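Annotated intramembrane segment per Swiss-Prot: 362-373, 374-381, in sequence order, evidence recorded as similarity to another entry. As annotated by Swiss-Prot, motif 'Selectivity filter' applies to 374-379. According to Swiss-Prot, the feature topological domain 'Cytoplasmic' maps to 1-184, 249-259, 312-326, 418-477, an assignment based on similarity to another entry. Taken from Swiss-Prot, the feature topological domain 'Extracellular' covers 207-225, 281-290, 349-361, 382-388, and the record attributes it to similarity to another entry. Among the features that Swiss-Prot reports, transmembrane segment is placed at 185-206, 226-248, 260-280, 291-311, 327-348, 389-417, with the record citing similarity to another entry.
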Amino acid sequence: MTRQSLWDLSETDVEDGEIRINVGGFKRRLRSHTLLRFPETRLGRLLLCHSREAILELCDDYDDVQREFYFDRNPELFPYVLHFYHTGKLHVMAELCVFSFSQEIEYWGINEFFIDSCCSYSYHGRKVEPEQEKWDEQSDQESTTSSFDEILAFYNDASKFDGQPLGNFRRQLWLALDNPGYSVLSRVFSVLSILVVLGSIITMCLNSLPDFQIPDSQGNPGEDPRFEIVEHFGIAWFTFELVARFAVAPDFLKFFKNALNLIDLMSIVPFYITLVVNLVVESSPTLANLGRVAQVLRLMRIFRILKLARHSTGLRSLGATLKYSYKEVGLLLLYLSVGISIFSVVAYTIEKEENEGLATIPACWWWATVSMTTVGYGDVVPGTTAGKLTASACILAGILVVVLPITLIFNKFSHFYRRQKQLESAMRSCDFGDGMKEVPSVNLRDYYAHKVKSLMASLTNMSRSSPSELSLDDSLH
């Protein structure tokens, strides 16, 4: 077809002109005015071409005699395209992959904006699901790899006892002390450690009550001797626990690089520093101000509660979540900072002349902080109508700001909790019997690595299987 005849078809014979469309063998006659309703689409631009070269840039082939345009595309989807030209609404082909459908409509020059409301929600939901599944799969893969590395390091540490004096005995003690749930001995030791930690915390809390305080010779409140006995027993237990772990550690240099061991150290150091300070103050009254240091150090006993992280999967998962969620936590703090800055200035502008509690912007920062976090102490409240409306908006904004990043943090917590449970299950399945030493010409580390990799793969598959699949597997075996 010449340039003039095609242009005449689209300009002078718009009402009656027809063109033939062949999409993978699916043929249809279409009126030109139907296609020109959407001139930005591929078929609409086809009618506005001025040369054969321009036509062939938009279609795969063109028959001058039949005036037929050929497209080597999916013929099953083209009826949906035709329906769009007739009604202006695009429906989604459910049988086709959502990304293939997206590529097809992009080829035809149809924007996703034209997808009808009945299909829009499911279409965009199906596009998001693969991204979420990809993130979950990547997280599971990273979890398995990280867990495998940790267990491999665990096996490597255990193998260091081979050839050492009392190596097998020290290894069993190390497993019992460092891995709660590994054996009956480790469970008993774990329960005793938890009871001592809780007893120490409860004693510290009860000691703050006036009914349990005994005045000294100067009338100052002092500790009950019974509580001091409990405190000294707790310190003795914590010291024994730390020294025992250090004595049976496979690598003394790496011992204090472990965060849990640092927590154990910090739980007893304040007591010994306080003991030294008290001795110095008693021997030299001029250094009485050092007694304040001892009082501050005594408050650090509350951090002993962190020792429970060694015995709690949830606490360790929480620590890992906070470690790897710094972006989400930073995002949460950023949202709160922006909201606090905005609402504090608004409250200051409205309430500065009516309310002494909101007479300065720093004072308004405090009010905006407790309002956005929905704490609401009630110590400072706006008095004007405009101030109350501002407070309502501040509270609603705080709810939205806190909820958005919390979902991401919760997903990561679930991920790390599942990983930690798999890690503990794998460690409880470890076997350090003499059977390993009976295998000659096999590298112990490689054997451990192969065994752990198989174990982690099976645990990951089990976590992905549904209950029905698990029951079916059990019935087959």
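Cβ coordinates come from backbone N, Cα and C, glycine included.
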Ranked by Cβ pairs within a distance under 8 Å of the transmembrane segment (226-248), the first of 185-206, 260-280, 327-348 is 185-206
May I ask for the residues of the chain that lie six or more residues beyond the topological domain 'Cytoplasmic' (249-259) and have a Cβ under 8 Å from a Cβ within it? 157-158, 160-161, 171, 174, 265, 319
Beyond the flanks of the topological domain 'Extracellular' (382-388) by 6 or more, those residues with Cβ under 8 Å of it: 347, 350-351, 354-355, 358
Over the topological domain 'Cytoplasmic' (418-477), work out the mean pLDDT and round it to an integer. 49
Helix, strand and coil residues within the topological domain 'Extracellular' (349-361) as assigned by DSSP: 7 helix, 0 strand, 6 coil
Within the motif 'Selectivity filter' (374-379), residues counted as helix, strand or coil by DSSP: 0 helix, 0 strand, 6 coil
Please spell out the DSSP helix, strand and coil residue counts for the topological domain 'Cytoplasmic' (312-326). 13 helix, 0 strand, 2 coil
